[in-house]
Structure formats: structure tokens, C-alpha cells
Amino acid sequence: VIGGVECNINEHGFLALLYSRRFQCGGTLINEEWVLTAAHCDMRNMYIYLGVHNVSVQYDDEQRRYPKKKYFCLSSRNYNQWDKDIMLIRLNRPVRNSAHIAPLSLPSNPPSVGSVCRVMGWGTITSPQETLPDVPHCANINILDYEVCRAAYPELPVTRRTLCAGILEGGKDSCNGDSGGPLICNGQFQGIAYWGADTCAQPREPGLYTKVFDYTDWIQSIISGNTDATCPQ
């Protein structure tokens, strides 16, 4: 996260670290057995840490898990094509809630343009050169009109299952390593970080976030055992 500050140790109990030999992505614990992240964060030999604040300090209640099963939203038969950048991971066993671990519930209504949102992660705090912090950083950004992102990135599809969020004048943004992590607006989990410009936090080049609200039915169906649930078109 660019332009942020160290997150309060008590505000990110749902934030997961996804590793495969090294730190790759963030994720969000949505109940004791499930983590939501971005599809492009999928990797082999993944393991997931919860309850971490400083990566160089071991916490008593830190818990490590593996994916038992991964669910994707594939919109076509081309399995290499992530049209919808969302992945739901069932953990190999549930985590216990503790001082530093608590899930974040799914949103009950969609966010509105202008909402103030908190983005968080262990991604780089400088750009384009990368500096990975030991602690997660948090910043407040705004939901912007989707047309701001379409103007910045003309190749974007017209689809609205994506949130455009940032600061118009630049200076605060998610960045490399924050992918898969949450965007929280008015206390609700509204977005999953997935894409932005090569240099982060530039004016008029906001970040893109998968719109969690549009996928809540799909997520809840899978969690309740209907693993053939279809994604929103």
C-alpha cells in the first residue's frame, strides 16, 4: 500500500498472507474455514498465514493452513483466462478466533461512489521500485466512478463487476503484493484488489477491485455445499 501507515494491530484480524516459498498475495478470512482472494493469486504449494502482524515476529496465536479446495469463477472454457478475478479457498481445517484472528463478513449492500474505503496489505510501500514492509500498511481511498478507470485504462471491459477506487490526485493506492487483499468501505468488505497501473498511486490512475457484492450468492452457495454454483455472468 502506497501512502498509508502501519495498520492498527487490532484492525486486520481477517487479513491473510498467501505464501509459496515467498510472500505473494493477501486474502480475507470470511469465516473460520474460508478465505477469499484474487484468482491470479493462485499458485502451487500455497500456504496461508492468519494472525500475523509483523512478518519477522512470531505471534502466539498465528495459524498456518493449506488450501483443501479452491473454487474459481471461470466464465469461459479457456481455463487460463481469468475473466473474474476471484478465488474462494477452503482451508484444510478451521482456524480458531483469537486476539489477532477474526473473520470479516460479506457485504449486505453494494458500495456507492464517493464512499471512503480502507485498503490494506503487506504489498510494496514504494513504486516503481519495491520495498516490502514487515507490517501491513493501511490507507483510506475513495470509490470512484468506473468511467475514471475506463479513461485511465481504455482496454477495460464495460463490465461493472469491478470497482474503481483510489485518490484522483494520486498519492494513495494498493500496489504489487496487495493483490487479493480487501477493500473495506463503511465497515463492509466490498472489494478484492486485483489490478492497477505499473507505477502505483499516480494521479487519475486508480486501482481495480473485484466487486465482492456481486459474488455473494456464488460464495454463499459454495460454502453451503452447492459446489456447482454458477458465477454471475
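From the backbone N, Cα and C atoms, a Cβ is placed for every residue, glycine too.
Between Cys185 and the candidates Cys73, Cys117, Cys138, Cys231, Swiss-Prot annotates a single disulfide bond, the one to Cys117. Of the listed cysteines Cys73, Cys138, Cys149, Cys164, Swiss-Prot assigns the disulfide bond with Cys231 to Cys73.
The least crowded of the disulfide-bonded residues Cys41, Cys138, Cys185, Cys200, judged by other CB atoms within 10 A of its own CB, is Cys138. Considering only the active-site residues His40, Asp85, Ser179, the residue whose Cα is spatially closest to the Cα of Cys231 (disulfide bond) is Asp85.
Note on proximity: of the disulfide-bonded residues Cys73, Cys117, Cys138, the one nearest Cys25 (disulfide bond) is Cys138, by Cα distance. Cys231 (disulfide bond) carries neither a helix nor a strand DSSP state and counts as coil.
Ranking the disulfide-bonded residues Cys73, Cys164 by the number of CB atoms within 10 A of their own CB puts Cys164 at the top. Between the alpha carbons (Cα) of Cys7 (disulfide bond) and His40 (active site, charge relay system) lies a span of roughly 25 Å.
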